[in-house]
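Annotated features in Swiss-Prot:
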COMPBIAS  455-464  compositional bias 'Basic residues'
REGION    420-473  region 'Disordered'
TOPO_DOM  1-35  topological domain 'Cytoplasmic'
TOPO_DOM  57-72  topological domain 'Lumenal'
TOPO_DOM  94-102  topological domain 'Cytoplasmic'
TOPO_DOM  124-186  topological domain 'Lumenal'
TOPO_DOM  208-216  topological domain 'Cytoplasmic'
TOPO_DOM  238-286  topological domain 'Lumenal'
TOPO_DOM  308-319  topological domain 'Cytoplasmic'
TOPO_DOM  343-355  topological domain 'Lumenal'
TOPO_DOM  377-380  topological domain 'Cytoplasmic'
TOPO_DOM  402-473  topological domain 'Lumenal'
TRANSMEM  36-56  transmembrane segment
TRANSMEM  73-93  transmembrane segment
TRANSMEM  103-123  transmembrane segment
TRANSMEM  187-207  transmembrane segment
TRANSMEM  217-237  transmembrane segment
TRANSMEM  287-307  transmembrane segment
TRANSMEM  320-342  transmembrane segment
TRANSMEM  356-376  transmembrane segment
TRANSMEM  381-401  transmembrane segment
Amino acid sequence: MAACVGSRTLSKDDVNYRLHFRMINEQQVEDITLEFFYRPHTITLLSFTILSLMAFAFTRDDSVPEENIWRGILSVIFFFLIISVLAFPNGPFTRPHPAIWRMVFGLSVLYFLFLVFVLFLNFEQVKAVMYWLDPNLRYATREADIMEYAVNCHVITWERILSHFDIFAFGHFWGWAMKALLIRSYGLCWTISITWELTELFFMHLLPNFAECWWDQVILDILLCNGGGIWLGMVVCRFLEMRTYHWASFKDIHTTTGKIKRAVLQFTPASWTYVRWFDPKSSFQRVAGIYLFMIIWQLTELNTFFLKHIFVFQASHPLSWGRILFIGIITAPTVRQYYAYLTDTQCKRVGTQCWVFGVIAFLEAIVCIKFGQDLFSKTQILYVVFWLLCVAFTTFLCLYGMVWYAEYYGHREKTLSESEDSPYSPDASWLHSKFSKGADNSPPKHPVNSESHSSRRRNRHSRSKVTNGIGKK
């Protein structure tokens, strides 16, 4: 049955396409019980915005020019985030609240616009902005200028090995635990981990801090820090996959402890998707898509090191770890949208957050190349070509291994792959009314005891249950 939009008739495929794209780009919240937190407050926000601007304009002291610029920039960011809450899409997630993910998308748009602005500056102007943000950056030095790398690699002692377990090793471990939670695939995680170590070898002629002893690179990085983080992240993934999700109203919880537990669990996923990046029936487009995923991931990691080397700031500076934290946050919806684009045949376009993330990755690379021409003039083109071929080889090797595993052990794995936080079921009547002229755009209501695709995740191997946010054995 076709649906109508104005005078144009939509086919069933068009309806399915719009529905699938909306599920990853504009996720809706199901079973809302606290209406106040999900009801639009546009008039309230408008009044707050006008009163705030009046207060800032007529009451604050504007005698200090630098303070005027700084507070003006912060106000622009603040009110841009308000517009983000009102106008931007939720993305694929709804926990802890869609407004948070709208602001995350708004921050990514602001960062994208900032990178565009930086492209039109010269190096002295960029450094002036950095010195204005932090005057101490005038005295910053490159780590490569004061430290030695890959020295006396034949000397292996327990004291030397233990000295490498610093804050950066801790960051490696937890960073890979978070990456495993995002990617949810042993094969891809290990491939990215090994490929990154190879990337360091190919770009070692540009960044001296990429030089490492073999035991540091293989044992400490790949096996212990990265491998331990991947294992921990995948254990958490398996635990979340095995749980049964049944979220109910705060009103149905009558104890104070239960309400507190339910409030805390609002910051956990509403459901969990079992991920299959590749299967034996995948097309060449899927293979190419995963290769592109690998390239962009490696590029984002490279940007971290090139930015701090070219613009001279330490890894411990807020400009470094703040960017890493920000990229990590926007990676979550990006990976979810990209995975849906690769695996869902009904999804014909990438989500907006995924699009902005891709632009940010390439813009950062362009900024590095523009302001680091002295550095990149030393680039060995042959190394870059070998790097691209190496990434391609490791990607196809990984996919071949995943296909082999799926063929021989796939029958033991779960094959169900649901859309995370998806409040939709294939209700034909609502699909028709959704795109009909003058129709109510709200999804169909389910009875309290019905089995919803997003509020319940059944698995016959499940050992634990979550009801109203309170675990029961």
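Using N, Cα and C of the backbone, Cβ positions are placed for all residues, glycine too.
Across all of the topological domain 'Cytoplasmic' (1-35), the predicted model scores a mean pLDDT of 55. Counting C-beta pairs under 8 angstroms (sequence separation of 6 or more), the transmembrane segment (73-93) fails to reach the transmembrane segment (187-207), with fewer than 3 such pairs. When each of 103-123, 187-207, 287-307, 320-342 is checked for Cβ pairs under 8 Å to the transmembrane segment (381-401), 187-207 comes out on top. Proximity of distant same-chain residues to the topological domain 'Cytoplasmic' (377-380), defined by a Cβ-Cβ separation under 8 Å and at least 6 residues beyond the stretch ends, is recorded for 205-206.
Helix, strand and coil counts from DSSP across the topological domain 'Cytoplasmic' (208-216) read 6 helix, 0 strand, 3 coil. Using a Cβ-Cβ cut-off under 8 Å and counting only residues 6 or more beyond its ends in the same chain, the transmembrane segment (287-307) has close neighbours at 188, 191-192, 195-196, 199, 203, 207, 209-210, 277-278, 320, 323-324, 327, 338, 341-342, 358, 361-362, 364-365, 367-368, 372, 375, 388, 391-392, 394-396, 399. Panel annotation: around the topological domain 'Cytoplasmic' (208-216), residues 143-144, 147, 149-150, 153, 156, 161, 164, 200-201, 305, 309 of the same chain, lying at least six beyond its termini, place a Cβ under 8 Å from a Cβ of the stretch.
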